[in-house]
Amino acid sequence: MIELKEVVKEYRTKNKEVLAVDHVNLSIRAGSIYGVIGFSGAGKSTLIRMFNHLEAPTSGEVIIDGDHIGQLSKNGLRAKRQKVSMIFQHFNLLWSRTVLKNIMFPLEIAGVPRRRAKQKALELVELVGLKGREKAYPSELSGGQKQRVGIARALANDPTVLLCDEATSALDPQTTDEILDLLLKIREQQNLTIVLITHEMHVIRRICDEVAVMESGKVIEHGPVTQVFENPQHTVTKRFVKEDLNDDFETSLTELEPLEKYAYIVRLVFAGSTTTEPIVSSLSTAYDIKINILEANIKNTKNGTVGFLVLHIPYISSVDFGKFEKELIERQVKMEVLRHG
């Protein structure tokens, strides 16, 4: 269990004070994958570096498995960092060491006997899919392979928490998915708690259980990924979801001719089992109306499917539209009116 209570981080410069993290409260379940998303400058990197005290909070508490991180002694903090490990965007490998020796490095620092350290490193090489590359140097590896070494090294001391600081940002889409699949496998095998920060909604959607959205140092929205993706509340969250959907439909709406009276353009959002139900055809029959599908999209999250439909209804009376909306609510389908005549 990880708890952040009223965490604040301020930086003082010559001319002003910068509030990088602004009274953040979070509760992260043990064994879950928790994502923090935000644009550049939102404060997410500063936030994650306070989990293992690479940054000290100006005020507030960071509590991991009952330990108040800011109250630990030097030796206590050193021991805790072995259990709260971290991987980085640019891998941070030792270029003069082979794959195997990079993975052995934290074990050497921890005083593990060489034979045991080597055996552990070989097991991790196999876990992350690098068997046969033990003697390769970082300069001989692809970006995805380097990140696999980084992950193996981070797992060397059997951590309970893995922090991922933009771990896939330097990778191409296919390699990103491979690394995300590896993180999922590791979480399941080792019951890790994973906290990752990113600016990509695809990453959040693919592996996270819950997400917090940051802007200007504040958490502006948080909750289960499916819920946040299905019903974003804040402008920033809506922008992330829109980018993930590649949705430029609202822009093209302005180019449409004015609608006739009693005509509507609506967006429906489906989740779970409703994504496979023939709702549009049944409503079209029930209300004897024509429904044109202007746009459709389905996205898979780790915990379920979310579907999006944009519909054009050429004519429906106000009374029937009210019934139409009520029936959608009963079927747990969300509706947003984009335009009406």
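Glycine is treated like the rest: Cβ placed from N, Cα and C.
It should be emphasised that the depicted structure is a prediction, and the values quoted were computed from it without experimental measurement.
Swiss-Prot annotations:
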DOMAIN    2-241  domain 'ABC transporter'
BINDING   GLY38, PHE39, SER40, GLY41, ALA42, GLY43, LYS44, SER45  ATP binding site
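Listed in sequence order, the residues HIS199, MET214, GLU215 complete the 8 Å Cβ shell around the ATP site centroid, once GLY38, PHE39, SER40, GLY41, ALA42, GLY43, LYS44, SER45 themselves are left out. Classification of GLY43 (ATP binding site) by DSSP places it in coil, neither helical nor stranded.
Cβ neighbour count for GLY43 (ATP binding site) (all protein chains, 10 Å cutoff from its Cβ): 23.
Taking the binding-site residues SER40, SER45 in turn and counting surrounding C-beta atoms within 10 angstroms, the largest count is reached at SER45. For PHE39 (ATP binding site), the same-chain residues that are 6 or more apart in sequence and have a Cβ closer than 8 Å to its Cβ are HIS199, GLU215, VAL236.
Summarising the environment of ALA42 (ATP binding site), the number of other Cβ atoms within 10 Å of its Cβ, over all protein chains shown, is 24.
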